[in-house]
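**Student:** Reproduced below are the annotations present in Swiss-Prot:
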BINDING   Arg48  NADP(+) binding site
BINDING   Arg125, Ser126, Ser127, Asn241, Ala242, Gly285, Lys300, Pro301, Thr302, Ser303, Ser304, Arg326  FMN binding site
Amino acid sequence: MSFNTFGRVFTFTTWGESHGPALGATVDGCPPGVALDEGWIQQFLDRRRPGSSKFTTQRQEPDRVRILSGVFEGRTTGTPIQLMIENTDQRSKDYGEIAQAFRPGHADIAYHLKYGIRDYRGGGRSSARETAARVAAGGVAQAVLRDLVPGLKIAGYMVQMGDLHLDRANFDLAEIGNNPFFLPDAGAVPAWEDYLNAIRKAQDSVGAAVEVLIQGCPPGLGAPVYAKLDTDLAAAMMSINAVKGVEIGEGMAAAALTGTANADEIRMGNEGPRFLSNHAGGILGGISTGQDIVVRFAVKPTSSILTPRRTINRKGEEIELITKGRHDPCVGIRAVPIAEAMAACVVLDHLLLDRAQTGGRRGTIG
């Protein structure tokens, strides 16, 4: 299996399976001299950690990260950074029944048709467990961005879960860390809790939509025509398990707008160009404009549910299957810190790529 590496200049390669002894990431292209320790990375992993609330999988993994190389006396050396996270709470016996059967909605059948062999324990490499390594790599990216672009902030949050939608009139980023849904509306949390509790009691799951807001991104990032910033952000989000669609700015809603309504008009401000709206989501022509970058994606419902489902086994026999194990009733919740990590890696990769391509030179106005 190839294609386990992400990025061009700042890269990471993830390794490991859901029920293996460990998983991790090898980060390359990190500049030297950046302050970095395990505690810094751990704060990001703790936001994604399974078992952190009753609304996520009850698999209890501490997700303690170890830095094995690339850091000396608390600073990066410019050499590859090896990160490792041990798996401690595998229950492979829960997956014995699917050794020969294909779970509907999962990657089981696709992996079998492609490779002829698969690790059926928790989905192996196709499991969302792999994303712990991405979040660790994203922590490294966040450390570099902290030094290179001090004003940059990346915030992910849920905007939809099933029939429930975020009321943007009550939007407050300060609330994201105060509830299990990463919801920027404190008043809506009880309704979201009741809704997901009902889904859980029905032994079902539900989809979601997540938004990532990137504030303070400098203008000029993105390399047309085949390394556009929005192209890479979309690819990063689509690489996350269960993501089925990505939007930038207005996204699909732009199909219902006129050119008059959609075009972001520009005026001249005291500090340069000033946009009167942000339908483009902070990116034009594949290049950042300096406005807030807005990325939104849809997450399908968890395919692992306790409702009997029709499927087939490796012999081609038609069977009925109940998926056992510990699973998220809404994978959109833990997709939030994963998306933040992927966004950080994309922005840093483009920042370093831009410095190599342009030397930091910029056009001027006025």
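Residue 1 is the first one shown; counting continues down the chain.
Every residue, even glycine, has its Cβ placed from backbone N, Cα and C.
On a predicted model such as this, the values are computed, not experimentally measured, just so you know.
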**Student:** Using a 10 Å radius around its CB, how many other CB atoms surround Ala242 (FMN binding site)?
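**Tutor:** The answer is 19.
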**Student:** Using the alpha carbons only, what distance in Å do you get between Thr302 (FMN binding site) and Arg48 (NADP(+) binding site) once rounded?
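**Tutor:** Here the two Cα atoms are 16 Å apart.
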**Student:** May I ask you to report the DSSP-based helix, strand or coil state of Arg125 (FMN binding site)?
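**Tutor:** Looking at the DSSP assignment, Arg125 (FMN binding site) belongs to a helix.
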**Student:** Among Arg125, Ala242, Ser304, these being the binding-site residues, pick the one whose CA is nearest to that of Arg48 (NADP(+) binding site).
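**Tutor:** Sorting the binding-site residues by distance from Arg48 (NADP(+) binding site), the top entry is Ala242.
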**Student:** Of all the binding-site residues given, Ser127, Thr302, Ser304, which has the fewest Cβ neighbours within 10 Å once its own Cβ is left out?
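**Tutor:** Each of the binding-site residues Ser127, Thr302, Ser304 was scored; lowest Cβ tally within 10 Å is Ser127.
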**Student:** Tell me, if you would, which residue among Arg48, Arg125, Lys300 (binding-site residues) has the fewest other CB atoms within 10 Å in the structure shown?
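**Tutor:** Comparing Cβ neighbours within 10 Å for the binding-site residues Arg48, Arg125, Lys300, Lys300 has the fewest.
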